[in-house]
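Listed in TrEMBL:
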COMPBIAS  1-15  compositional bias 'Polar residues'
REGION    1-24  region 'Disordered'
REGION    156-177  region 'Disordered'
DOMAIN    387-570  domain 'FtsK'
BINDING   Gly408, Val409, Thr410, Gly411, Ser412, Gly413, Lys414, Gly415  ATP binding site
REGION    666-709  region 'Disordered'
COMPBIAS  675-684  compositional bias 'Low complexity'
COMPBIAS  685-701  compositional bias 'Acidic residues'
Amino acid sequence: MTTTDPQAGTGTATQDARAHRGPTAERAFAVAQVAAPLTTALAMPALDPQAQATICTFLAAPALVAAANAAGLLPERLLNDVPGGDILRAHRRPFLASALATGFAAAACTLNGTAGTDTLAAGFMTMPSTSGIVSIAWWGTVAYIASSLRRVLTPHRPTAPAGPTPADDAPGPDGELPGPVTDIINRWHTYISNPRGTNPNQDLILTGWGPDAWTGTIRATPGHSVTVTTDTVSGVYQLPHAWITITDGPYGSSKHITVRTTAPTTDEAQHTGLQALWNRRVARSGGCMPGTHLEEITPDPATGGIAAWVVADENTDAITVPDQYRLAGALYSTPLLISIQPTQNPRRAKLRKMEHSPLETGKDLTDPSVLRANKNGFVQIGTGISGRPARLQLFDPKIGAQHILVAGVTGSGKGGILQIIALAYHVNHVAILYGDPKGSSNPDVAKMASYAGTGRAGAMGMLRLAHAILMHRIAQSAAEDAKNFKATPERPFIGVVLDEFAQLLSEKSPDQEEAAPIVAALASMGRSMGMGLVLCGQIMNLDQLGSDTSIRDNVFYGGALVLLRSDSDQKNRVDLPDAFSGIDPSKIPAFWRTGDESLIYDPDVPEDDPTRTFGVGYTVGPDESAEMMRAWILESAAGLYRSDQIVIPADFPGWEDRETIAATPVNTKKKRGSKGATKAAGAADDYDLDGDGDFDDEQTSPDDNAASWAPAPVTALAKEPTAEEKILLVLREYADPIGEEVAYTHIDTIIASAGVARRTVENRLTSLVKSGKVIRGAAGEYGLPLEGYATP
């Protein structure tokens, strides 16, 4: 059998079995164990003192080996490799007893000479006395050694135990059990299950036998656990450990056993090797996934490797997903060739140990039709390791547009992802507003957009235009008493794409004071108005997002996250689902590497030029799956889009004045309370965004008169909104736009939208109801009083 452990080397079943010795060698070792104490007691007095000291020193070595062997301190690898290791394993107790008796005899006879020999040999005749007790103890130890080894010392062949077994169903021609079946039963009874065997009263019920393997159930006495190990079975049947599998049985006092009697095929060896490696390295106490085992191990055609279910043992409540780097090390692989994917069942996860990653070559995007959304607005942006589509939701027919946050360091593939999202918008007749502060990051996206603002000033102009459209749609929705956004050819979904958002939103940006409130308004109210916000940047740190948690939270919880190679802290910037607890974007290498690095550089060996892992990462959203994916490879979208099918927001009457609107800064003065305290930023109704001096949502539509968009002074952003302010903001968002009746919102919706803990929301709602700021309706439903909404 070829082993899969790289440190174990390769070999055959014959070579593995060479470490086992036959009955003759074992019998000789047994005779030596019985004779050693007697011979030492007789011979020591006849030696001179120097020889006696030499022998006593020599006897310390086998005593130490015997003690370590009995205590289980000798490594299994050592016992497997050392000739006669199986004998040492099977003779642990008698070998230790022999070493102790021999050492005691050597010490007694060295110190007392012939008198010491007489004391050991005949001291029991002087009972009661100290020498009698010593003599009886010594002879008792010698007798225990001989009794323990009597089956090895006697040459007769043991007979099969009485009683029927399932193998009785397959009698031979003469009504007797086949020879191999009889041998299996005899060996088990003789060396394992009989009262003096290694595991007394742990019987084998043979359930199946064939030329290549046999199976059975090990049954202990009721109330006791089965303690038979693969080591024991390996020594008894002289078979390699990898050929033996012991798993949990139908009840606590039983286990299933499968023993191969011939070398497995290459595929079978690979499966068996993975199971053995998992048990030895991963599922052990102190391993990265203790208390687990593998089930349904099967070839994985997509990766050329193996796929299996990781299942929690009976005493394990749920699977804990380990660090993928550590798991790869335990399985002698690399992080890019190991995949562990939790499922909705906390007791099961998917494991893949790959020969090659299907993500390495990637798949080119040559047909834009693959980006056409299904009826729920999902599009495929790439494929996962298993071949499962990696999807994003661009829009929801019942809710509105969906936001997308793309995060990854330079070279991780953000630009390609952004180009795919823009092309998906184009294919699905979504109007694109594109802002690129750097000026030349994605020229194809700019060509697909109905409005593209490049450079810092151009990107700000795009945001101003997007804000104007948002204000128009809010006013139009209120006038039409519309509850949900319905896309039409004249009133399409709009994708507001902002590349390198930190250029405008970071604390060091001179445009932050104007840009942050606009982005916050789009993040909080754009979805229900059919405007999806796509933010693309390197990190999701708060100081890069306008120092406003509402931007990051509204974009993430209102849509999806594409997390590419980045620092490990990025996964903690938002509350990822539990299934993603084991991922670490910093462990995605920058390059694919096909082999190990050499210790010594050889200039004669050609360099293996690595390829970049751009587009490799995870998608987190409604279609969440904690599986590494790679986006479609798209160097350029040229030729995949049609210039005559670029969609514009025709419902916006100020579209012809878009350049004027884009050049006119938005007034972002903050609302102040009665004491002059600055109200928290993060929501559109906290700002005088239309410059008319009012802070409510009944704002003058900017498209009525472009000149109304006059520049106004701006001030610094305020601190993060309090829990109470977030709750009121949600209630205002769901309130009746024209203020004619109280619109009630369920507490679960409030919790999900506000991003505040349930207990905090319950406490704040109680205090708000007492103060009259909130009205309680049916069970669990709350709303704003009409006067409270009219004057927020």
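Think of each number as a place in line: the chain as shown, counted from 1.
Glycine is treated like the rest: Cβ placed from N, Cα and C.
Note that the coordinates shown come from a computational prediction; the quantities given were computed from them, not determined experimentally.
Excluding Gly408, Val409, Thr410, Gly411, Ser412, Gly413, Lys414, Gly415 themselves, the residues of that chain whose CB lies within 8 A of the CB mean position for the ATP site are, in sequence, Gln538, Leu564, Arg565, Phe614. Comparing the binding-site residues Ser412, Lys414, Gly415 by how many other C-beta atoms lie within 10 angstroms of each C-beta, the top residue is Lys414. Counting every protein chain shown, the number of other Cβ atoms lying within 10 Å of the Cβ of Gly413 (ATP binding site) is 27. Confidence for the domain 'FtsK' (387-570), expressed as mean pLDDT, is 86. Comparing Cβ neighbour counts within 10 Å across the binding-site residues Gly408, Gly411, the minimum falls on Gly411. For the binding-site residues Val409, Thr410, the greatest number of Cβ atoms within 10 Å around a candidate Cβ is found at Val409.
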